[in-house]
Amino acid sequence: MNLIVDIGNSQIKAGFFENNQLVKLEISTLGEMEFISDLITKHENICNVIISSVRKYPRELISALKLKCKTVLFFNSEIQTPLENLYESKSTLGYDRLAACTGAHGLHEGKNILIIDAGTAITFDFVNEKGQYLGGCISPGLKMRFKALHEFTQKLPELTKNENFNLIGKNTNDAIISGVQNGLIFEIDAYVKNLKSKHSDLQVIITGGDACFLNKLLKNQADFHPEIVLQGLNIILEFNLLILS
């Protein structure tokens, strides 16, 4: 069994994969040492592990994993992936972006793919039909846009996403919600339209915390894959196991 761990800023996701299928998912807000130690204690049949983290890996965690598991990989810019990475600043590319692209390529190999990750920031990443990661763009997410309007002005309130909104806001709160949400929806629709004009076979995948909310508002809904990062990390782990064998 493979244990796939994605350590983010606010939560940790752990996926258990057998025969390349996600068979169990656990999510925690505990510290990574406590959470992962508990996982490897409860699941004795874990053979291989890959961890992606926005933080540095504690030495104690590395030691504990290597005692319990056959193969332990810590995802970084040196780890090989099935994609040809053409990003100019590879060391600054977010691991979650590259993992999501790898997962998307695994689903749609031979196709042009746009991966939209709607989290704190919105990332758009493009993988071509040759399996080359070309890059993308990074834009403020919904929460960040609401927060910025509040923090960089004197009187505007800090609001949150709302399913009930119009194009024309008839009061200040409604105008903020319209501006933030319609602005982001128009941005995503335009980005997709532009890429589709160049790549008629474009496959569009959306993931991230705000993906469900945004996807139903888009002109053309994308394929929703909430665990595309974990799936990509599992592909990367299997790819490296072949190299090591």
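Note that Cβ sites are derived from N, Cα and C of the backbone, with glycine treated the same way.
The Cβ of Asp96 (active site, proton acceptor) has 24 neighbouring Cβ atoms from other residues within 10 Å, across all protein chains displayed. Asp96 (active site, proton acceptor) falls within a helical segment according to DSSP. The active site, proton acceptor annotation in TrEMBL covers Asp96.
Asp6 (ATP binding site) falls within a strand when secondary structure is assigned with DSSP. Residue environment of Asp6 (ATP binding site) contains 24 other Cβ atoms, counted within 10 Å of its Cβ in all protein chains. Under the heading ATP binding site, TrEMBL lists Asp6, Ile7, Gly8, Asn9, Ser10, Gln11, Ile12, Lys13, Thr120.
Among the features that TrEMBL reports, substrate binding site is placed at Tyr87, Gly94, Tyr95, Asp96, Arg97, Thr172. Counting every protein chain shown, 12 other Cβ atoms lie within 10 Å of the Cβ of Thr172 (substrate binding site). DSSP assigns Thr172 (substrate binding site) to a helical segment in the three-state reduction.
Under the heading K(+) binding site, TrEMBL lists Asp117. Residues near Asp117 (K(+) binding site) in space but far in sequence (CB under 8 A, at least 6 apart, same chain), listed by position: Asp96, Arg97, Ala100, Thr123, Asp125, Ile206, Thr207, Gly208, Ala211.
Compared over the binding-site residues Tyr87, Tyr95, the count of CB atoms lying within 10 A of a residue's CB peaks at Tyr95. If you compare every pair of Cα atoms in Tyr87, Gly94, Tyr95, Asp96, Arg97, Thr172, the residues listed for substrate, the longest distance is 41 angstrom. Neighbour count (other Cβ atoms within 10 Å of the Cβ, all protein chains): 15 for Gly94 (substrate binding site).
Taking every pair among Asp6, Ile7, Gly8, Asn9, Ser10, Gln11, Ile12, Lys13, Thr120, the residues listed as contacting ATP, the largest Cα to Cα separation comes to 16 Å.
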